[in-house]
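Marked as transmembrane segment by Swiss-Prot: 2-22, 54-74, 80-100, 113-133, 158-178, 195-215, 241-261, 268-288, 293-313, 347-367.
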């Protein structure tokens, strides 16, 4: 618990006090935000606001994670490093996208196809590493089961009984599944990052959930020798849950400090550098804590935002009419006359409710297992 609190404290301190330096630096080198031309008119004043603030979040989170472990003499575990791999990898994809926007002087960076391809180049190696990297007992960090609050009975490895073709099919399905989770997550968070502080605030709730989940899984882990007999049937076969909880706490703290400068009116934006990184970290945590489908609830706001875009496009293609005044959903409410800060705070409340529901479902699964 002390390591978790330290990680939060380090994260807050780093971003709260160093972000002003990066604001001045990014403004000096011309890393300013470009606004989509078809967006709400009131967003025009945001043009030129320093962007790529995600660099601050990523660096602060990683430093805070290592410092928290160092001060308490804890060893860094492969589970945390695997999350960092996805965190940094997706951040690099976002950074490339942001750099192209700055150079083109336009809000369009990487095309959708190239963005997904690069995201997959990060997600697929991550999926392979979760099996190749094992703990001291020789157990991999992931499984081929689709998970909710723990692994379900849906297991791709069941195809192994079909021979070589079955083994090949199982691996292909597993890689596609992990890729779907990762790519969907990073793009959903990126879509949500359209108003000052919206994505950062919503992700704070999601990271809080993974702090709680990791901490609980650590106390109820199958590897613990002191586990009460009545809890053995409920234990979690998760590698390094406390390490992931510490990393989630570091990200949470970094987001809290960053939000001080990112809230309306924003002094700096996280850009795709931050949005893709956060989506990648959340996806990695859901995979390694075996809570893949529960992530749909924990990150419910991101699902709604991404869903609004999909619905808008699909409905327009079929009926040549729009469901929303504009997508993503937060822009719809802006055009309905809601103030930006009103939309953000109300969406934060929704994100918090989804997180509470998700944690409740997670605990209920343990209670009634």
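A Cβ is built for glycine as well, from the same backbone N, Cα and C atoms used for every other residue.
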Ranked first among 54-74, 80-100, 195-215, 241-261, 268-288 for CB pairs under 8 angstroms with the transmembrane segment (2-22): 241-261
Folded-back contacts onto the transmembrane segment (195-215), same chain, C-beta under 8 angstroms, at least six residues removed: 1, 4, 46, 189, 241-246, 248-249, 251-252, 255-256, 258-259, 262-266, 269-270, 274-275, 278, 282, 285, 289, 291, 298-299, 301-302, 330, 334, 340-341, 343-344, 347-348, 351-352, 354-355, 358-359, 362
Surrounding residues of the transmembrane segment (268-288) on its own chain - C-beta under 8 Å, 6+ positions past either end: 19, 22-23, 26, 33, 46, 49-58, 61, 79, 82-83, 85-91, 93-95, 97-98, 109, 119, 122-123, 126, 130, 141-142, 178, 181-182, 184-190, 192-193, 196, 199-200, 203, 206-207, 210, 214, 238-240, 244, 247-248, 251, 255, 258, 261-262, 294-295, 298-299, 302
